[in-house]
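What Swiss-Prot says about this protein:
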| type | residues | note |
| --- | --- | --- |
| BINDING | 632, 633, 634, 635, 636, 637, 638, 639 | ATP binding site |
| COMPBIAS | 1-17 | compositional bias 'Polar residues' |
| REGION | 1-22 | region 'Disordered' |
């Protein structure tokens, strides 16, 4: 199917200026015909050294790229709006447009000037969309660019996604309410959905959304397309037959990707059905709150990824990002990864990890280079980088052999054993320092092809021939300053000054007359010129043919290269885990079949790097201790403590060591967080509504094997409403969900739950008052806190002193007031006089410091005047 059909699903499009194409100039007719096939994309139309855009495309590009909008004459009686970018800088403009979610069609000149009447022939050479990028210049080397197709049927969300840069093809079916969580996990660059699907949330989540015809999302079409592609009778071997909604999405995705690449997708060698149950459940709020790869402000650091990513290759960085967003529920693979990390750490000297990281240094992006080879758009320097990377593999395998051949390390070493003939082929074929593009020549190595060597020899010997000819002609003509030279405009020529023009032999034919010299050509020089120029053109054509043949020869190695790339990425990620363990003192966690979490000396991996003295804390949860009711002052460290427990569990389930003295972890199926909130203006939801929505998801989804983090639930509404909700939610978690819960609150009434539910333990993060200052200890202690120190924190924040004094007075009054039956009291009602309330007035403080028996009459008088001034 053509991309034009994919894009024209709603209605027939008119030409950009709303007139019949035939009324335009021939060149504009050619442009409009191409544009008609791609109405929803920007068209870059090659004209000489520029890519031009016209009409509405020009206006849009000028606005998005901040380039000049001008006019270029008229067509059909109307001015042609035009904007353009130089061809040599096109990649940077494409990158900017793709980041903005735009797609671009590039039409190149394919004809020869003057070969036909009318404009030079042009044809579409590339279609660039956010989800189908393969060029290194357009891709973020540390983040995957995924193309995702989604469909909905009877409450089932079917998804298919493709990483075109490396050929990974995945499917999943899940409940429709999982949409946001899945999008937060996958972060697709471009999304395809049926034209008839009404899904407002998708409009918000998708960075680049494209609607396709409903009939393209058909499971039967998927069977036909995919069995043809994989060369199988059915799809049973891939285990995807049970997911018809996802298969329909896969059909639309495959057709779209193939149309954009304009060729077969040879590197799509498999199809895998993922299931939600494979991974720890992390909803969108949890991924944000734990700041795995982005801070709450949307910045790349400081995050867990920015801390751990010391990878030597871009493949390793992408593997690490993926691993953090895909903690595995089955602990077999995480345990195997931890065994490999332990092998790299060794006895604590880190020599194995250092050796592996040293061998990986300088390894290119084999993953994406392999994809470009399969798509036949690999550039010469891709192949030279692949050659250099493959040459490092023997050293890397030798290092792994010294570590051991058991477990995951042995499997990775085996995957690195790529056939030696592949490296030999690249060493023979590609020049040591090839040109950037095949069209520039100098790509194929000398000695690889006899015909190419002969043609290059003609060019190489050109200088010797010209020097010999110049010497002979000087002797024959007697003109001592005669020169034989070359330029691109006039080719080869013999140059003679006007003063010697009468001495030239009869066989000289004038080629050009200049102010001071005459330029000639002879039959011998003309014959050599034809041969030399022909050799250059033939050499370039031969080199292009050899390069295409080389890509063909590399195709059978694509599966092996894909396996090698996966092994390199995994090894790099595991080495980064080992580096973190060595650098920060992480330990190997222990997985247990008994429910619970037992952490000694736990730390927050990111926060501990931001502060000078981080206080370690223990955490113990189990069947008889399912909830920790955490109280304590603001800034005391409650949120940090809860997050560190969650991050330690997550790191264990991705296969890393953890920041603790020890950690024993029982089975987990999910991590839920309700930490902080802000208004969701786009959806019209208040802070409290966001808070309740997240709490609802937890109460409906958490199980006895889930870790739940609840931070100050109920604070977004009135005091009694919030307290009532917090109490009811805590009881539900204890009675119904029976989750392992960390429940932080300032409602001290909740600490009474311990009397009704022994499995709810009270703990607090303490603080002490030192003079007029408050010191946060950040240490977790048993029992409830004595107070929240909220007013003291307000003073630290710079709230004016009169406000602080007024707040203290009102707090004392509220604490002394009996809360009776009836409606909720008004916090802002006038306070009754309270003569017994001790006020911290400066006069009272000064009086308390006076010892009357020790004062002389003069000192007493001075103190009296001082008190008078204080009371003024």
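Any Cβ shown, glycine's included, is placed from N, Cα and C.
Spatially close to residue 634 (ATP binding site) yet at least six residues away along the chain are 746, 788, 789, 790, 793, judged by Cβ distances under 8 angstroms. Counting other C-beta atoms within 10 Å of each candidate's C-beta, the binding-site residues 632, 633, 637 are led by 632. Cβ atoms within 8 Å of the centroid of the Cβ atoms of 632, 633, 634, 635, 636, 637, 638, 639 (the ATP site) belong to the same-chain residues 765, 767, 776, site residues excluded.
In the shown protein chains, 26 other C-beta atoms lie within 10 A of the C-beta of residue 636 (ATP binding site). Cβ crowding, taken as the number of other Cβ atoms within 10 Å, peaks at 638 among the binding-site residues 635, 638. Secondary structure at residue 633 (ATP binding site), taken from DSSP and collapsed to helix, strand or coil, is coil.
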